[in-house]
Each structure stands twice: as structure tokens, then as C-alpha cells.
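A.B. asks: According to TrEMBL, the feature compositional bias 'Pro residues' maps to 212-229, 237-250, 258-286. The domain 'K Homology' annotation in TrEMBL covers 22-90, 118-190. Summarising the annotation, TrEMBL assigns region 'Disordered' to 190-308.
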Amino acid sequence: MKRGNGYHDDGPPRKLLRNDDPSKLLRVLIPTRAAGPIIGKGGDTIKELRSQYSVRLHIPDSRGPERVFNLEGDRANICGCLRELQNVFLDVLSAKNADPRLLEGRKDDDGKDLDPSKLLDLRILVHRSQVGSVIGKSGDKVKELRERHRMQIIKIYQEFAPLSTDRVLQLIGEPENVFTCVEDIMETLEETPPKGPRSDYDANNYDADKLLPPPSAYDRYGPPPPPMPPHHDYPPYEAPPPGPYSPPPYGRGGSRHGPPPAPVPPPSGHAPPPYGYDDVLPPPAAPYYERGYSRRGAPPPHSSGYRR
């Protein structure tokens, strides 16, 4: 069925993403193939969720391998929607598709090796001016969130999503722990509304064969490593990614005919410290953007996660 307005709901699109209260909006990055199960046959699933939880749900069309799932409403109701979609999320957003190094050596509460297929890898978009409130002074807030909600990974990517003022917050943990952590983060974001220019990430701006240099992610308790050089020979998205691992980025802008442009600098006076891999993990040896999910179906054996 043709959806001319580009939104998967039962009404015309509104300008709510620009004019309404942004503190009541959660934006989740999902692979394109996750849109169908969330929408349901004939839109039944998304209509039922909207009716049951009194929230507005939108998944704008995208030409790329990822989309932005917008949930607008009360945070408790938004998290209720996420819980209803738990089985869908575990099917397409499980940590088994994430970079294996992120969970290497980690144990569950019983001391056993973690089963990535039972962990959720959820990524949300956060305005750059709000990142500091999520990190906290010297990383205290992130550490508190990780301990309170027994999260395996909380990671904030240093670079912006393409042509936007958004950064990506990655959460990996047991589904219920992730959902309670999201609710806690939303409360923090409500207390610190976005400031300054706002340009929400549009998944149509994703372009896998146009890349920026890798980010300067590092151990949150240690100094950053030497700057990583740009990579100009990354194959197109459809080609298999190089190397044995493929960690999780999101699309980058740049030019395939020359050196990529420099990353968008954070605004002066508002730059929170970069927040990288967890304290027990070294920085990645391979470019963090060597990863992605296939728009043709399940990821290949060494592909990981979905792209930034």
C-alpha cells in the first residue's frame, strides 16, 4: 500500500518533531527491516500501540539501511510501548549483531558467559546540548545508570549523526534493564531541554560509502589514544566489510572522490568529554564504522549491529 505522506501511522504527518515539546519525544534508531514488524500487517500493531498507550508513533520512510522510530508522549507510556515490542527488538536489535569485543570477557550475574541473543542493543538519538547531562560530571551519571540498571554497555558516540545536531547513545543489557534505563534517561532529558540550534537526524542522509574519519572514542577513565587517521578505501555498503569484526556506527557524510570532510565540531563551551568503550575494554583497533546490517536480510556472519 502506498504511503504518500512518508509516515507509518493512520493520519497526516504533523510538524510535531520541530514544534512540540522535544522532552516528550524519544527517537530510536532501527534497521529498516525492523519497520515492518513494528508497523504490523496493515498497520495493526502500531495502531494498537498508539491506542493502548496514547502515544504518537512515527517511522518516516528512508532510502538507507536505517530509520528513526519516533515515540511521542508520556515517558511511562513510551517505555510501555518499548516493552510491548520486546520480542521484535530481540529479533532485530539483539546484541548478537553488535561488535563481539564490546561484550568480550563479561559475565552474567551467575558468573556465566553472556548470551548476546538475550541482550538488547538499543540506540537513541540525543541532542548535543543534552549529552553532558547524561554523562554527568567526570562520567558519574553514566556510571550511576550502569550500576543502577545493571547495564552491560552505555556508550555515547563522539561524532554527530550526519547533517544533524544529534549524537548516538548505545545501550546494551537485558531488555527490562534497558527499558528502565531509557525511562531514567528520558527523565534526565526532560530536566535539561535542548539548547541552541536543532537539526534532527534524517535517516535519508545516511550514506555508507561516504565516510568521515573514525571517532576519538576512548576509555572513560583514561586519556584518549593518538588520533586515528581517515580511511578512504572503505568498500560500498553492499560489499562485505573488511576484517574479522564490524563494530556499530551510523551513517557518515563525505566524498567518495577525495578525503572526507572534518567532523562537525561541538559548539564552543558545550563540549562534554568523549565517552567511549567501557572501562574493561581497550579502544577498538579497527575503524568503528566497519559494521552494518544488510538490507537484504539477516547480517552476514561477521557483520555486526546496525549502523550509526
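The backbone N, Cα and C atoms fix where each Cβ goes, and this holds for glycine too.
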A.B. asks: I'm checking region-level scores; what's the whole-number mean pLDDT for the domain 'K Homology' (118-190)?
C.D. replies: 94
A.B. asks: Would you list the DSSP helix, strand and coil counts for the residues of the domain 'K Homology' (22-90)?
C.D. replies: 39 helix, 17 strand, 13 coil
